[in-house]
Amino acid sequence: MSLVGCHILSIDHFSRQDLEELLMTAKLLEPVAQRKVRCNVLDGSVMANLFFEASTRTRMSFHTAFARLGGSVVDTTGFTFSSISKGESLSDTARVIAGYADVIVMRHPDQGSVAEFASKINVPVINAGDGIGEHPSQALLDYYTINNEFERLKKNIDGMTIAMVGDLKNGRTIHSLAKLLSLFDNIHFRFIAPETLRAPAELLELLRSRGHDVQEFDDIANGLPGTDIIYATRIQRERIKDGELMEGYSEKFRINAAAVARYATPETIIMHPLPRDSRAGAFDLSTDLDNHPQLAIFRQADNGVTVRMAIFAMVLNVHRGIESFFSPHRGFRPDRYGQGDADFYQLK
């Protein structure tokens, strides 16, 4: 389907053809993200960034993406700083903000709330995370990252094996990425989590119904060997209600240098949507992997700007012929940053 003027609420909206078009658009925009050229295709357009839940990367990434295309951004963060704290309904907020902006990016702690907001207006709304629901733009940048890493390694997404580790129950990035990968052929999914944090049964059923191999494990020793991708995610402590337990989540689920050396291959890519929890007892992706050549988490985060530029360009129908809006970049530019960190790791 065409993304022009559409809400982006779920990966369910995408076909494999849509992914290919997004990939091509993002490739065109890489020089803009890398500050090699400038682009003003959205000069005069306004994006409203509505974040009712904590965010660093996603909020700033969307803001940067729109600004690098020449657009302007208006922001609000948290309920405290919005009229919702005064009793305004989500419906009223939607109608008012739609009068200000050409596109709206929204994050909300309640599943389904972004879709409810979008149903009230005709301005395109992009879901930046709705509780334990979905995070479609994260899945799209994860796909873009996997594609880039596999191009380097001369691998195909079709037939790959991915291990998803951590809080699979509450981690919306897992839900969206698994749905996206199910559009490909013969994917081998390995879900690694304790009983209390297992992936939703309906997600596993969907993947199996599309002909994919789905296995569940309760430790990394059995789940990691032979994987092409390790996708770790933190425990969503903010979504675990009082009285609920993380029973069984321990060091045996932690992805660290020792585990990677023992169970992974030299070509296994290590991913994480970030933030990772560095506190004691969190058992999140270890910092002892920070200099590992196959650690892609920062390339992954950098790709967010590129992919979100592509989303804006396609939704606002400026993606075709966008190169005509490129102009030379002016000012200081670092020798290496963003996607260029592959040079630092001496990756070819």
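Backbone N, Cα and C atoms are what each Cβ position is placed from, and that goes for glycine too.
Residues or ranges marked as carbamoyl phosphate binding site by Swiss-Prot on the basis of sequence analysis: ARG57, THR58, ARG107, HIS135, GLN138, LEU274, PRO275. Spatially close to LEU274 (carbamoyl phosphate binding site) yet at least six residues away along the chain are ARG57, ILE297, GLN300, ALA301, judged by Cβ distances under 8 angstroms.
Summarising the annotation, Swiss-Prot assigns L-aspartate binding site to LYS86, ARG172, ARG234 and lists sequence analysis as the type of evidence. Its own atom aside, the Cβ of ARG234 (L-aspartate binding site) has 22 Cβ atoms within 10 angstroms in the protein chains shown. In the three-state DSSP classification, ARG234 (L-aspartate binding site) falls within coil.
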Env. residues of carbamoyl phosphate site, Cβ within 8 Å of mean position of ARG57, THR58, ARG107, HIS135, GLN138, LEU274, PRO275 Cβ:
SER55, THR56, SER61, ALA128, GLY129, THR173, PRO273
So what sits near PRO275 (carbamoyl phosphate binding site) in its own chain, CB-to-CB under 8 Å and at least six residues off in sequence?
THR56, ARG57, ARG234
Which residue, out of the binding-site residues ARG57, ARG107, HIS135, ARG172, shows the minimum number of other Cβ atoms inside 10 Å of its Cβ in this structure?
ARG57
How big is the gap, in Å, between the Cα of GLN138 (carbamoyl phosphate binding site) and that of ARG172 (L-aspartate binding site), rounded to a whole number?
9
